[in-house]
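Colleague: As annotated by Swiss-Prot, DNA-binding region applies to 148-263, with the evidence given as sequence analysis. What Swiss-Prot records for C314, C317, H325, H329 is Zn(2+) binding site. The ATP binding site annotation in Swiss-Prot covers G436, P437, I438, N439, S440, G441, K442, T443. For 12-80, the entry in Swiss-Prot reads domain 'J'. Per Swiss-Prot, the feature N-acetylmethionine maps to M1. Annotation source Swiss-Prot lists phosphoserine at S117, citing similarity to another entry. Here Swiss-Prot flags T133 as phosphothreonine, drawing on similarity to another entry. Taken from Swiss-Prot, the feature motif 'LXCXE motif' covers 108-112, and the record attributes it to similarity to another entry. As annotated by Swiss-Prot, motif 'Nuclear localization signal' applies to 134-141, with the evidence given as similarity to another entry.
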Amino acid sequence: MDKTLSREEAKQLMQLLCLDMSCWGNLPLMRRQYLVKCKEYHPDKGGNEESMKLLNSLYLKLQDSVSSVHDLNEEEDNIWQSSQIPTYGTPDWDEWWSQFNTYWEEELRCNESMPSSPKRSAPEEEPSCSQATPPKKKHAFDASLEFPKELLEFVSHAVFSNKCITCFVVHTTREKGEVLYKKLLQKYQCSFISKHAFYNTVLIFFLTPHKHRVSAINNFCKGHCTVSFLFCKGVNNPYGLYSRMCRQPFNLCEENIPGGLKENEFNPEDLFGEPKEPSLSWNQIANFALEFDIDDVYYLLGSYIRFATKPEECEKCSKNDDATHKRVHVQNHENAVLLQESKSQKNACTQAIDRVIAERRYNCLTLTRKKLLTKRFKKLFNEMDKIVVGERKILLYMASIAWYTGLNKKIDELVVRFLKLIVDNKPKHRYWLFKGPINSGKTTLATALLNLCGGKALNINIPSEKLPFELGVALDQYMVVFEDVKGQIGIEKQLPSGNGVNNLDNLRDYLDGCVEVNLEKKHVNKRSQIFPPGIVTMNEYCIPETVAVRFEKTVMFTIKRNLRESLEKTPQLLSQRILHSGIAMLLLLIWYRPVSDFDEEIQSNVVYWKEVLDNYIGLTEFATMQMNVTNGKNILEKWFE
């Protein structure tokens, strides 16, 4: 700054800026004051024009001078760069060195000559009086450089940890140790605290009645150690650390409890903090959702919170009708109470649903379709143990079998052929078309098959721009049903028109199953997979050839008056949704097909249910049911009068 303005000019500028000379060189401050004074001295603001001109000239001169000084310094700094200096010992370096010393040759030359010292006569040999150099004294050990190595096995080495503990050790200077000993005892109401000397430093060991983070203790101690060194550690083995600090090279200075810390005198709560309160187990909720294959957040939440009721006060448990419910209720009661009081109920259930979806996707990618179908049948058998109980229920399900037999005389062969189609999943041989007039039984049979195999029903009569998210429902599903697809032209004019057939024509890759297609859901990334096989149901619409060739089989339905009349007189089949259930279709296979047609894993279940059905109804009684269906009567007229 001395090279920028003269002394007089500098004083004059600082006076105009109304700053003391001690602020000379504080360029940011001078800049702010310059802007303030410009407004004050400006003629338009009523200021002095001469003062304004002088201020501008001096300040601009200062700026130019400062920039020129900086440029000069940069040039001086960049005269020689390390990249320009050759390697030492090479001819290039010798040449560079001679050039570098050219400018200094005259200034550093010395022409003086030293007079030669007079020659001394050779002294006579005298006994040597020299002695060995005494050994250097060892420097005193500085214990402030690192935490004592003797204690490392007892403390935590975590750098960043949110874990809360109750036992700590602090390493600092002797002076700060005196202060911190009292401050820590007062601040945290320590249940035990002791001070130990270690060379020229101090270690403070203490136990707190409540849990704290190591960072919280460290920050408190730092407030009293702005210059002095400080190490703060969490202790994993409290008694081991204390006993080690009572032996050399450590010395016990003082402690708040006479006699010190004894191994058996402290409860676990004193050493490791208050006992941990039971917390909500998200994993237990996920296991419950996996066991019952629940993929609905709100249904899972509602079902699980029911377990918060005490098992002895639960109606289902007291009836002893469902052993599974009682077992699950007892296992999940305590966790359900915690869920009921939790503020993250939905988050816990959402994670459980994610586990169910993840398990389903894993099975789809690793198990064969035959294994998946067998697993589905096992689930239905478990449901049958709870639902198909007692004579009345069994007769209702047998009535549904009689009704399906009236729909198609070879209904069992039709179902077996469809299951083979679904399991094989051959490209271009993966879909059946159920076609017929209104109220002919298409949707009833399609829904029963869907519930037998597991899957979703899709509506593709929507606009094409909404179709991707509707198709995304088929992610990880075993099969699908395109329900009630509408076309543009129908055999009967009263049929409404729709986009279904047109959309179906644009989904050839989905129907063929030759290539993977992209499926997407909201808030889920797109995923490529072979679209699942299934069924298409529609009324009597005209189908383009490009769509018709993609159906492996077309099943034509006709209106049968006796079927409608028998259903009207046996309303339980519809009101209890027995006809649409997968259990009814599985019992149909058990009734008609031999045991050998089933997978070996479930043949024992098939044998059991064949015996159950034979105990409640024989061939004569079943023939009576079929006759009632044919005549349009109440199917269970003989039993339920």
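A Cβ is built for glycine as well, from the same backbone N, Cα and C atoms used for every other residue.
Since we're looking at a predicted model, the values are computed, not measured.
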Colleague: Out of G436, P437, G441, which has the highest number of nearby Cβ atoms, where nearby means within 10 Å of its Cβ, if these are the binding-site residues?
Modeller: G441
Colleague: Averaged across the DNA-binding region (148-263), what pLDDT does the model get? Just tell me the whole number, please.
Modeller: 89
Colleague: By CA-CA distance, flag whichever of C314, C317, H325, H329 among the binding-site residues is nearest to I438 (ATP binding site).
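Modeller: For I438 (ATP binding site), the closest Cα among C314, C317, H325, H329 is found at H325.
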Colleague: Just name the winner among H325, H329, K442 (the binding-site residues) by count of other CB atoms within 10 A of its CB.
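Modeller: When each Cβ's neighbours within 10 Å are tallied, K442 leads.
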Colleague: For H329 (Zn(2+) binding site) and G436 (ATP binding site), determine the Cα separation and express it in whole Å.
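Modeller: Cα to Cα, H329 (Zn(2+) binding site) and G436 (ATP binding site) are separated by 47 Å.
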Colleague: Which residues, sitting 6 or more apart from C314 (Zn(2+) binding site) on the same chain, put a CB under 8 Å from its CB?
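Modeller: The list for C314 (Zn(2+) binding site) reads H329, given in order along the sequence.
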Colleague: Under DSSP, is I438 (ATP binding site) helix, strand or coil?
Modeller: coil
Colleague: List, in sequence order, the residues of the same chain other than G436, P437, I438, N439, S440, G441, K442, T443 whose Cβ lies within 8 Å of the centroid of the Cβ atoms of the recorded ATP site.
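Modeller: So the additional residues around the site are N539, F557, I559.
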Colleague: Including all protein chains displayed, how many Cβ atoms other than that of N439 (ATP binding site) lie within 10 Å of its Cβ?
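Modeller: A count of 14.
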Colleague: Between the Cα atoms of G436 (ATP binding site) and C317 (Zn(2+) binding site), find the distance and write it as a whole number of Å.
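Modeller: Rounded to the nearest whole number, the Cα-Cα distance is 47 Å.
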Colleague: Minimum Cβ neighbour count within 10 Å among the binding-site residues C317, I438: which residue?
Modeller: I438
Colleague: At the Cα level, what's the spacing in Å between K442 (ATP binding site) and H325 (Zn(2+) binding site), rounded?
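Modeller: A Cα-Cα distance of 36 Å.
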